[in-house]
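S.K.: As annotated by Swiss-Prot, N6,N6,N6-trimethyllysine applies to LYS8, with the evidence given as sequence analysis. What Swiss-Prot lists as substrate binding site is ASN117, THR167, LYS171, ARG289, HIS321, SER373. If you look up Swiss-Prot, you'll see LYS169, HIS288 marked as active site, proton acceptor, on the strength of sequence analysis. As annotated by Swiss-Prot, Mg(2+) binding site applies to LYS195, ASP197, GLU198, with the evidence given as sequence analysis. Positions annotated as N6-carboxylysine by Swiss-Prot: LYS195. Positions annotated as site 'Transition state stabilizer' by Swiss-Prot, on the basis of sequence analysis: LYS328.
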Amino acid sequence: TKASVGFKAGVKEYKLTYYTPDYEPHDHDILAAFRVTPQPGVPPEEAGAAVAAESSTGTWTTVWTDGLTSLDRYKGRCYNIEPVAGEENQFIAYVAYPLDLFEEGSVTNMFTSIVGNVFGFKALRALRLEDLRIPPAYTKTFQGPPHGIQVERDKLNKYGRPLLGCTIKPKLGLSAKNYGRAVYECLRGGLDFTKDDENVNSQPFMRWRDRFLFCAEAIFKSQSETGEIKGHYLNATAGTCEEMIKRAVFARELGVPIVMHDYLTGGFTANTSLAHYCRDNGLLLHIHRAMHAVIDRQKNHGIHFRVLAKALRMSGGDHIHAGTVVGKLEGERDITLGFVDLLRDDFVEKDRSRGIYFTQPWVSLPGVIPVASGGIHVWHMPALTEIFGDDSVLQFGGGTLGHPWGNAPGAAANRVALEACVQARNEGRDLAREGNEIIRKASKWSPELAAACEVWKEIKFEFQAMDTL
């Protein structure tokens, strides 16, 4: 690769340069685990090396300008390949990237390199990024979440239990005033948060400024009546970064505690800009993962959500939707809890049974609160409390607004169910075994909860799991 060797034109096998089984990864390398499905006749070593090359310094032919740089210093290296158990012709290729390949503090640049061109590569039938190890040296170039779990609890003055939320439905079509009314009723009934749906931005039936004003009124009215701090996730997502920041500025001027962003459709550059604004101005930031299933649903191609979750923790967000394990949206228990730990904890050990391919130290990057949302109702409360623990937001949209008596009773039912589960857990009871009994007993003292129990006693969303190891 040095100029003195002389330049020899032509196409050579990637594995001669980029497959290095003897390489010991450095502490400051970014490590990636790819699930590779090569085309028939392509050896796994060549496929793994091709991934390393095309996502770092390589191109399809030898170029004479290779002689002007130290390829050994900058190239990605495929350092290990292992077959995937139970799958024919699938391999996990481990690739190490030198840190100098990436711009500091830019998730955008990291993804452009690692998953940019290589996913359209002809030698591969399919390719999936299963996990990334982000070294502390790179992590420290990111601000991360605007505030993190502990600061959020201090701002809200809420401790020792999960937080309760509700997405306002119907998601599209309400006028701003009716929307604000639904927000008020839910918050007044006992919820901590209400939420704009991900596709509520600024449409003809409800412009963003009107919605912000009516929701702020609902927040302050419910706060003064309950003595609790309340919030509504005001969706600041917009067509341009400038417009998004303008909406966040208006939210700050109204004095509300939290705004929201759709981080995948909005993009990582916009998300990181908003996260910086939120930290500088005391706003919490709720993140919705709209579009994630386009990227992470296929088992053999795309990017696993645990990578998107890590990227969000780096880019910045205080809450992110993370599946439910029990509702209508997909999420397998061990795998979901794997990326929930990656969002919340300071240090996560490698654990292949939960899909965690690398030990991940987060140094002092604040944590993100996972949000369980999608098809959940009061009967799920014991399971959700046990699975997600205190540092979570449990979000019941239809499970609040679908209550036969209205929005406020729906909120009250959820709050009573949650308080009953937390109390039972603190007394040492087994929520998994005794959950239904705990809810039934609580419903004797809460007519709202009793009505909710009756409505949703038969509802189940049971389909085969897609996300298996």
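Using the three backbone atoms N, Cα and C, a Cβ is placed for every residue, glycine included.
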S.K.: Restricting to the binding-site residues ASP197, ARG289, SER373, which ones have a CA within 10 Å of the CA of LYS169 (active site, proton acceptor)?
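M.R.: The binding-site residues passing the 10 Å Cα test are ASP197.
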S.K.: Through the lens of DSSP with three states only, how would you label THR167 (substrate binding site)?
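M.R.: THR167 (substrate binding site) sits in a strand per DSSP.
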S.K.: Taking 10 A as the limit, how many CB atoms besides its own sit near the CB of HIS321 (substrate binding site)?
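M.R.: Cβ-Cβ neighbours of HIS321 (substrate binding site) within 10 Å number 23.
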S.K.: Would you list the other residues of this chain near Mg(2+) - those whose C-beta lies within 8 angstroms of the C-beta centroid of LYS195, ASP197, GLU198 - in sequence order?
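M.R.: After dropping the recorded site residues, what remains is THR167, ILE168, LYS171, ASP196, ASN199, VAL200, TYR233, ASN235, MET260, HIS288.
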S.K.: Pop the Cα-Cα gap between HIS288 (active site, proton acceptor) and HIS321 (substrate binding site) into the table, whole Å please.
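M.R.: Cα-Cα distance, HIS321 (substrate binding site) to HIS288 (active site, proton acceptor): 6 Å.
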S.K.: Checking the recorded positions LYS195, ASP197, HIS288, which are within 10 Å of THR167 (substrate binding site) at the Cα level?
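M.R.: So the list reads LYS195, ASP197.
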S.K.: Taking the Cβ of each of the binding-site residues and counting other Cβ atoms inside 10 Å, which one has the highest number: LYS171, LYS195, ARG289?
M.R.: LYS195
S.K.: Return only the integer: C-alpha distance in Å from SER373 (substrate binding site) to GLU198 (Mg(2+) binding site).
M.R.: 12
S.K.: Where the record says ASN117, THR167, LYS171, ARG289, HIS321, SER373 bind substrate, what is the longest distance in Å from one Cα to another among those residues?
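M.R.: Among the residues the record ties to substrate, max Cα distance equals 37 Å.
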S.K.: So which of the active-site residues is most packed in, judged by how many other Cβ atoms lie within 10 Å of its Cβ, out of LYS169, HIS288?
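M.R.: Buried the deepest by this measure is HIS288.
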S.K.: Spatially, which candidate from the recorded positions ASN117, HIS288, ARG289 is nearest to LYS195 (Mg(2+) binding site), comparing Cα atoms?
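M.R.: Going through ASN117, HIS288, ARG289 one by one, the Cα closest to that of LYS195 (Mg(2+) binding site) is HIS288.
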S.K.: Count the other Cβ atoms sitting within 10 Å of the Cβ of SER373 (substrate binding site), across every protein chain shown.
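M.R.: Excluding its own Cβ, the number within 10 Å is 24.
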S.K.: Indicate the candidate from ASN117, THR167 with the smallest number of other Cβ atoms within 10 Å of its Cβ, considering only these binding-site residues.
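M.R.: Comparing Cβ neighbours within 10 Å for the binding-site residues ASN117, THR167, ASN117 has the fewest.
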S.K.: Could you tell me the C-alpha distance between ASP197 (Mg(2+) binding site) and LYS171 (substrate binding site) in angstrom, no decimals?
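M.R.: So the alpha carbons of ASP197 (Mg(2+) binding site) and LYS171 (substrate binding site) sit roughly 6 Å from each other.
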S.K.: Which ones in the same chain are close to GLU198 (Mg(2+) binding site), with CB under 8 Å and 6+ residues apart in sequence?
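M.R.: The list for GLU198 (Mg(2+) binding site) reads ASN235, THR237, ASP262, THR265, HIS288, ALA290, given in order along the sequence.
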